[in-house]
Each structure stands twice: as structure tokens, then as C-alpha cells.
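Pulled from TrEMBL:
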- B:41-59: transmembrane segment (TRANSMEM)
- B:115-133: transmembrane segment (TRANSMEM)
- B:145-166: transmembrane segment (TRANSMEM)
- B:172-200: transmembrane segment (TRANSMEM)
- B:176-365: domain 'ABC transmembrane type-1' (DOMAIN)
- B:221-242: transmembrane segment (TRANSMEM)
- B:322-339: transmembrane segment (TRANSMEM)
- B:351-369: transmembrane segment (TRANSMEM)
Amino acid sequence: MAIENAVSADEIKVDRAKMHISDTDVAIDIVGMHKWYGEFNVLKDINLRVMRGERIVICGPSGSGKSTMIRCINRLEEHQKGKIIVDGKELTNDLKKIDEVRREVGMVFQHFNLFPHLTILENCTLAPIWVRKTPKKQAEEQAMHFLRRVKIPEQANKYPGQLSGGQQQRVAIARSLCMNPRIMLFDEPTSALDPEMIKEVLETMVGLAEEGMTMLCVTHEMGFARKVANRVIFMDQGQIVEENTPSEFFDHPRHERTKLFLSQILH
Amino acid sequence: MSQNDLHYVRTEMALPQPAPLRERGPVAWIRKNLFANPFDSVLTIIGMLIVAMILPPLIDWALIQAQWTGTDRTFCATVAQGGIQPEGWSGACWAFVNAKFGQFMVGRYPFDERWRVILVAIMFVALLVPLLMPRVPYKGLNAVLFLLVFPVVAGILLIGGVLGLSHVETPLWGGLLVTLTLSYVGIVVSLPLGILLALGRRSKMPVVKMLSVIFIETVRGVPLITVLFMASVMLPLFLPAGVSFDKFLRALIGVSLFASAYMAEVVRGGLQAIPKGQYEGADSLGLSYWQKTGLIVLPQALKLVIPGIVNTFIGLFKDTSLVYIISMFDLLGVVRQNFSDPAWASPQTPSSGLVFAALIFWMFCFGMSRYSIYMEHRLDTGHKR
């Protein structure tokens, strides 16, 4: 298995070399990244290069480190070895760099993490006003623009607690978009939602993908993966086990663990 | 199969109906709340009996038999005690409270200068009331006036010694003036200082964290009386000869630091209740530490611990009485001091004075309590998560 994996990774490297990729086209570059929780090696030798406009779906069993990996990209988690370069900026202990990266990287969480003491509109204008120093009026116009895009402008003056889960998640997406991020991270955005609400959130995400946003999604929505992903990454035990185009990944999984996983979730 | 037909389709949706009569109206309320079962009924009856036993004598003493006017102790003493009241008379001596009212309010503050205290009181109310009413605009300006400008103006007016105002030494201050000054300073200093200490205690920086922990644990571990006593007796020993600090100022500092330590722990409780997701949400948007703390974490944490904060305020308000240990006299102290006034000493004087003091304390504490409940409801944005 290990050999097969190495070969496929090499193939990808060769492909890239052929395409003459310039550095400005790289959105995220993760090289030899390791992370430990105490003695436990949660992420092992992660190598991942994401190009601008690429849409990547990351899946894998629970505890495989997929959430931890994307949380490293905006340094909600710290890595201990290797390099993470986001938008040309390497993530180190430099707090200024971290804030710069976070401004350009939007994140959507499983449990929304909206601010319950602020209205929907205030949730969306807070960061533009305080971080980007956008004038209030302009920030509000922009927030309404994105709220219209996620189809809930009429909820602008309500509080998050008054909205359904699906609506809250769409607000969370709008809140991230208000910072005009160049990269969006989604950490299981539909896992906490009722079946009827998953669709409305996925549709929003598909719309975003069609506009060319660079996206990394941890999700188990395989229909979504097939529809929008350029690449599917399968993780197990803190490592990237398989990486392929959606059609190849679903129809011809190569690694035993991937085959097992797909047979479990696709019934 | 055919005898077991599982087929059912609802053709009409059921409409909501009004609740049955038994569930509404005052009779239903009484039955539900006072006489729901035999045990409840017994408790209700016992409670009513207790009220019936206590209330009439209290009303009789405080209102009906009470002596409202008078110029000296004879009005509040029976004939046998050298007064004018009939034998067996027992009533409150409000005449005493009336005669001493000025002292209860400002202590021995010179009579001709009391307009300064009244002016400060008017400013205090004029600035505090609009600040507490959410609908009044200019909150920022109001807060600056109340928290920064008012203390300076009030200090100049009350202490004097400048602008042609005569100097009034703080040992002359007393009564409600001392109680409110100590409480105002204590509250205004302890809330921000307590928040900083709480944040310090949760800081990742070891030095900041250690200093906060040491301060909180030391101050909390020592009785307030000890702090006040040490500030009054021991501090002068450490200061160079000739340098002295006003006794009242020392009490102010002591009370403020003391309340800060308690406040810090209350606020820390609130900080711990904020889910990690809120911090991550703020981080992911690129907010700095102070933006995250000030805009996301503290507003939610403080709202959660309003009951604890007000509890600390109320405790602080009543603890101000302990300044008697350094011979300062707050409201309670002045009232007690006046028991020994030979012109008014009678069996009814102490109880009347104490009831009056209790009533004033209660009014302020109850006001704070009700306002905090109002604020809690107002800030509740209809979520629990």
C-alpha cells in the first residue's frame, strides 16, 4: 500500500511540474506537516498543495484528523513540524501573520459559532468594521448583499437563537463572505443539521463553488463532492491515504481503507 | 392482512382550541399555587397565620403608636421614664430620626457647607438615572461624565480647599454620604479591575497569570476588617515620617481592592461559561485578542454573571459599615453614635434608628437587585446555548 501511495503522490508532483505552476497560483501549501497532542501524533507527514479556485473535499472516518488539518490552515490549531504557507504567508508564532492569514481565510464551523448576543446583521458587519475598518454603512450594505445571496435578508435584525439551524449556517457563510476571503474552509458544515436543512446549505456552497472560490470542505456529503470537487482527499489515522478526482475516487478507490470506508457510507 | 388495515390519512388538520375554564382565572391560580395538595394547603395556612401574627403589631408600632414629631426624648418616653407618653406605650420614635436626619445623611459635615453635598447628590442622580434608562440617547457621553468628570467635580466640591471653597476634612464626613461615596468608588473601580484580574488569571502569559492569582488569593484570604485596620494602623509605619495619607482615602482603596478580588472570581465564572466555539468564531474572522474579548466574550460573560456581579455590589454596599473600625462613620455608624445622645436616649430610640437605617440600606439594595433583573431580561436574546 505504502508504495502504491508514494507512486500516486509522485505522479501528482510530475503533473504539476508539467503544468508550470507559478507560486501566485498556489493558495495553500502544506509541506511535511506534523502535529502532536501531547505524545499523540494526530497528523503525520501531511503534504497538500491547493491551487487557486480549487475545490477540495476531505473525508475520512471520525478521528482521522481531517478537522484538525483544516483548522491548522487558519491556525486554530498549531502544528509542530513542517510548513504551512497560506497565500504566500508562512504560519509561525508571529501573531501579526496569523491575523493576516485569518483575514483572508473564511471558516464555517459544524456548530455555526454565530455570536448569540448580536443580530444577524451585526454578526456580519462586526469583522469588516473592526478588522477591515470598513465604514459602518458600507459594511451593512455589503452584509445585506451577502444575506440576499444566502437567501435570508429578511432575518437581518433577528438574533441567531431565533433562526433554524440551516438558516444559522447560511448566516455563518454570509458572515465569512463579508470579509471577502480568498479561501473558504468548511468544517463539517452540515453535520449538525436536520435532513431538510442540509440541502439549503449545500446549495449555498455549490453557488459559491461555481463562482470560483477556493474551498476546502470536510464533509460526508458525497453527492456534493461528486458535483463540485476537483479533488477528493481521504484521510485515516492522521495521514492522507488517497487523493484523486471525484469520479476516480468513488468508482475506482485504490487503497483498501478507502474501499472499506466507501462501502460503509455508500451502502 | 385484510382484517388488520393500517391505512389512515388525515383529511383535516386539527385547529387549536381554548384551554378549559378550570385552567384559567383567579380561582384556578389559587388552587394551583396555594392549595394544590394537602401539604401545600397546610403550608399556605401556616404562612398566613405567621403573617397575621407579625404584621398587625408591626404596623401598630411603626405607624399607629409612633411619635412623628418632637424636640427631645420626652416625646418618646413614658411618664415613668420621664416623658409624656402614657404607661405601657410602645411606638417608633420617628421624631428622633427626623431631628437627626441631616446627620444621618452627611455626618458632621459643616452645616453651612451642606449645599455642596446636595449639589453633588443632584448631579449624581441627574447623571445616573439617564445612564440606567436604555432609551435615553448619548450613552457614551453620559458614561464619560458619570465615570470620569463627576468624580473629579464631586471631589472638588466635597473636599474643597480650592476655588474659594473652604476645606472640609474627611473625618467630618459621615452617614449616607460616606456609604454612597465608598460604594460608588468601590463599584466603579472594582468592576473594570475585576475584569482585568479575571482575564489575567486566564491569560497564557505565566507572569500575568501568577500576579493575578497572587493578588486575588491574598485579598480574598484576608478579612476586610483586617485590610482596613492594617491600612489605618500599619501603613503609616512603612511610610516615611511626615508623609500621611488621608484615612478615608485608605478606606476607599482598601474597599475597592477587596471588591475587585471578589469581582474577578465572579467574572471568571462567566468567562468559563463561554463555549470554545465563540473564541474560534472570533479568531477565524481575524479579530485581535482585545477585539475578541471586548466584543464577543465579555458582553456574553458579563450578561451571564449579572446576578453574581450585583451580589458583589450589594455585599460591598453593606460592608462599607465596617469603616467604623477606623473610626469613620457611615450611615449605620452615625445612627449608632446618636443612640448615646442624652437629649434623645429613650428605650425606643435604638430600634427606631436601626429600622430607619435598615430601610435605607434595603431601598438601595432592592433597587440594585430589581434593576439587575430588568437588565437580565432586556439582554436576553432568546437563545440558550
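Keep in mind that glycine also has a Cβ here, set from the backbone N, Cα and C atoms.
Note that TrEMBL annotation is computational and uncurated.
Only residues 6 or more beyond the boundaries of the transmembrane segment (B:172-200), in the same chain, are considered here, and those with a CB under 8 A from a CB of the stretch are 103-110, 117, 124, 147, 151, 158, 208-209, 211-212, 215-216, 248, 251-252, 255-257, 259-268, 271, 293, 298, 302, 309, 312-313, 316-317, 320-321, 323, 328-331, 333-334, 360.
Ranked by number of Cβ pairs under 8 Å to the transmembrane segment (B:145-166), the listed stretches B:41-59, B:115-133, B:221-242, B:322-339 are led by B:115-133. Within its own chain, the transmembrane segment (B:322-339) has Cβ neighbours under 8 Å at 96, 100, 103-104, 107, 170-171, 173-176, 178-179, 182, 224-225, 228-229, 231-232, 247-248, 250-251, 255, 345, 349-350, 353-354, 356-357, 360-361, counting only residues six or more beyond its boundaries.
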